Ligand code: HEM
Ligand SMILES: [Cu+2]
């Protein structure tokens, strides 16, 4: 029961965050627009992973395997930026 | 001894007992799935090989002879794409890996047998899509560089979708192996007692899981650009053509280690068995696999030095590239130290393993010439690069695969190969390989560009030499395959442990029963304690 209530709460939170993303797109924040959209999207992804994908209840090994790819994402972004920033 | 029994009782045929299409197509047995992969990938090795022979024939003379330039472009694209995506990436991991990982860790199957079967059929699905793309064959090279690949009339979207599927299959296999290694090791089989082939495959699987999604998504972006005109890579639409290369090599450099690490694992199994000596520096070899997997992710930009990438990035990538050589050197050193004062015998698996070391050193030592920024500018896109990657991929990985096939043939089929024929095939292959590819270092150094159907007359002699070599090579490989077929049908009965190995796969009959082991073995020592009893470290 409580588990279901959590899921519904998370689902509502995701909907609200989607709404905020949509709202923010109407403001003119310059670079801030992209930053806000990415921040909200990351938050949503984190909620999904933690609750819907049960990462919250997993052991350290699973956490390690889940966080590892984020490191690689950072790597590819920084590697590519090291090129585009200095071109 | 020599009753090459034609009347094999069902009991001796182990996992091969069941017959018929369904028993293979729907099998959940990792060994059968491994065999399916081996047959499929080796078939494409032959297809890719035939295409290569055609290309070499065209290059026999400086001018156009056999085919027009467009056909040549199609052929080198097909040769590269087939060899890379349908043979060398899936070959050892999905073929020998599927067959031997559970046997080597004392398990009854992989962790997810159904997923395993699914990944085989996804692989076949990918192949079907790739074949469908032949209606208007690709001419972009296996690297699909934009902007050309976004504009050519060929079926780029179809082919890249096929490779996307093949990649999915590769991810599923890698995932399966990681979980299998973590969860299904026999009692007592600690991480520090794992056979080194398992370490190699574990590192490989991590790369497959982390890198393959990147190329999958890149190909989807390319398809979106072609089909819907979205501007990811086209500067006119706000895209960046170099972005494609960054994404492509972020996958494709690490993936050269998907090609080479499993082969290195095989070498680490074969060398101790045929020198009757404990492997030297077990831990160093095990950890260097992980180190190679990790550093492999940092150096992709060394493929892009002359692409117009920023000089700053070029310097960084060149610097980082040299670090890959360290763990690779550790491995080579340890193999040679294992050989030192061993009781070496030269059965066919050992001949191929030593060939691996010899050719891989040549391939590896020519890497720094390409990795150093200054020399790369001279050597980029010349035959020097072609020689370099054929020495590492064919001289390395393929020789490692051949070593593994000869080493494990008795286990897989229950029969022995003809050693004399195997040695003959090895000798011819060795001569043919070096005749074909060594001159390419020289041609490349003298400036002959790669990917051209024609060349200046001054390269004629070199090319004649290489083409002649390619035919010697083909004869060697043909003898080897004939020996495989003969061995499967007529070879002498092998017995459980013909090489007197200490790893677990030799503790069960050949061919193994469907359940692998009558009783799951308990491991009390590491698998390299030849001669004296070695205290596990
Ligand atoms: C371990 C096995 C290896 C394999 C299977 C391999 C494979 C390849 C392949 C397929 C290419 C051709 C890419 C193209 O079409 O442009 C290539 C190029 C290259 N390789 Fe390797 N390689 C290996 C090891 C190394 C090492 C150890 C180094 C450096 C220390 C290295 C440095 C390079 C560089 C810099 C290029 C780019 C050359 C150019 O485009 O000018 N490789 N390699
Ligand atoms: Cu590379």
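Quick reminder: no glycine exception, Cβ is built from N, Cα and C everywhere.
Just so you know, TrEMBL annotations are computer predictions that nobody has curated.
Per-residue pLDDT, averaged along the domain 'Cytochrome oxidase subunit I profile' (B:24-524), amounts to 95 for this model. Residues annotated as domain 'Cytochrome oxidase subunit I profile' in TrEMBL: B:24-524.
TrEMBL lists B:35-55 (among others) with the feature transmembrane segment.
Per TrEMBL, transmembrane segment is recorded for B:75-105 (among others). Proximity of distant same-chain residues to the transmembrane segment (B:75-105), defined by a Cβ-Cβ separation under 8 Å and at least 6 residues beyond the stretch ends, is recorded for 30-31, 33-35, 37-38, 40-42, 44-45, 47-48, 51-52, 54-55, 67, 116, 119-120, 123, 127, 130, 137-143, 159, 163, 166, 169-170, 173-174, 177, 180-181, 184-186, 189, 194-195, 197-198, 201, 204-205, 208, 255, 258-259, 262-263, 266, 393, 397-398, 400-401, 404-405, 408, 411-412, 451, 503-505, 508, 512, 516.
Annotation source TrEMBL lists transmembrane segment at B:117-135 (among others). Away from its own ends, the transmembrane segment (B:117-135) comes close to residues 26-28, 33, 36-37, 40, 81, 85-86, 90, 94, 154-155, 158-159, 161-170, 172-173, 176 of its chain (Cβ-Cβ under 8 Å, at least six residues beyond either end).
TrEMBL lists B:155-179 (among others) with the feature transmembrane segment. Listed as Cβ neighbours of the transmembrane segment (B:155-179) (distance under 8 Å, sequence separation of 6 or more from its ends, same chain) are residues 81, 85-86, 89-90, 93-94, 97-98, 101, 110-112, 115-116, 118-120, 122-123, 125-138, 140, 144, 149, 201-202, 204-209, 212-213, 215-216, 219-220, 222-223, 226-227, 258.
Per TrEMBL, the feature transmembrane segment maps to B:199-223 (among others).
What TrEMBL lists as transmembrane segment is B:243-267 (among others).
Remote same-chain partners of the transmembrane segment (B:279-300), defined as residues 6 or more beyond its termini with a Cβ less than 8 Å from a stretch Cβ, comprise 192, 194, 196, 199-200, 202-204, 206-207, 210-211, 246, 249-250, 252-254, 256-257, 261, 264-265, 268, 271-272, 317, 320-321, 323-324, 326-328, 330-331, 333-335, 337-338, 340, 371, 526, 528, 537. Residues annotated as transmembrane segment in TrEMBL: B:279-300 (among others).
What TrEMBL records for B:312-337 (among others) is transmembrane segment.
Residues or ranges marked as transmembrane segment in TrEMBL: B:349-369 (among others).
Outside the transmembrane segment (B:389-409) by six or more residues, the chain places 45, 83, 88, 91-92, 96, 99-100, 256, 259-260, 262-264, 266-267, 269-270, 273, 347-350, 352-353, 355-356, 358-360, 362-364, 366-367, 415-417, 422, 429, 433, 436-437, 440, 480, 484, 487, 499, 505 with a CB less than 8 A from a CB of the stretch. What TrEMBL records for B:389-409 (among others) is transmembrane segment.
Feature annotation from TrEMBL assigns transmembrane segment to B:421-444 (among others).
Feature annotation from TrEMBL assigns transmembrane segment to B:464-486 (among others). Beyond the ends of the transmembrane segment (B:464-486), by six or more residues, the same chain brings 42, 46, 49, 52-53, 56-57, 59-60, 402, 405, 409, 417-418, 421-422, 424-437, 439-440, 443 to within a C-beta distance below 8 angstroms of the stretch.
Listed as Cβ neighbours of the transmembrane segment (B:312-337) (distance under 8 Å, sequence separation of 6 or more from its ends, same chain) are residues 264, 267-268, 271, 279-281, 284-285, 287-289, 291-292, 295-296, 298-302, 304-305, 357, 360-361, 364, 367-368, 371-373, 376. Same-chain residues lying 6 or more positions outside the transmembrane segment (B:243-267) and placing a CB less than 8 Å from one of its CB atoms are 88-89, 92-93, 96-97, 143-146, 170, 196-201, 203-204, 207-208, 210-212, 214-215, 217-218, 221-222, 232-233, 289, 292-293, 296-297, 299-304, 307, 331, 335, 353, 356-357, 360, 392-393, 396-397, 399-401, 403-404, 407.
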